Amino acid sequence: MPELIVPVGLVCGIDEAGRGPLAGPVVAAAVILDPERPIVGLNDSKKLSEKKRDALAEIIRERALAWAVAEATVEEIDRLNILQATMLAMQRAVAALQVKAESALVDGNRCPKLDIPCEAVVKGDGKIASIAAASILAKTVRDAGMLVLHAQYPHYGFDRHMGYPTAAHFAALEAHGASPVHRRSFGPVARQLSLL
């Protein structure tokens, strides 16, 4: 996978999972890859099967120079808005790295406020290995967390849709109302609450 941007020093790739769902946290990951220990098969997490993502997540944890995963809670999403909560989760992930990054590449078109140079790369999770690695860690950690929430709130089917807006999720919202882990600032949830 080509590194399209000329990075500075130790580069961390940053990506998130969970901006679009109606429930659960938004999760971000930051990864500094080891050029001496390349990882074959890195790609945008959405283009990989669950089995492949899980296998790659293990390899990333073993081979990366450093990695960290952080989240912004449903309460933070509702208080700040999803964009600001996503930036907060990204900042937390970078701050949690065991090795200090010297620059950052982030998937998308906005960078979080960091104390290192940062460049946003549109569709970076399909272009830059460290962002792809962050995409995979963020997605696998968020999915695991949604399975925990499914055990607490089984009526909503989080194990199937991970909180994303699906017909089944809308039907569950209509039947059961919003759970404590639903994002009240999101239109479909707010509309459901207004009907109660």
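Any Cβ shown, glycine's included, is placed from N, Cα and C.
A 10 Å cutoff on Cβ-Cβ distances gives Asp107 (divalent metal cation binding site) a total of 26 other Cβ atoms nearby, all chains included. The divalent metal cation binding site feature in Swiss-Prot is assigned to Asp15, Glu16, Asp107.
Confidence across the domain 'RNase H type-2' (9-196), taken as the mean pLDDT and rounded to a whole number, stands at 96. Sequence annotations record features per position, and here Swiss-Prot assigns domain 'RNase H type-2' to 9-196.
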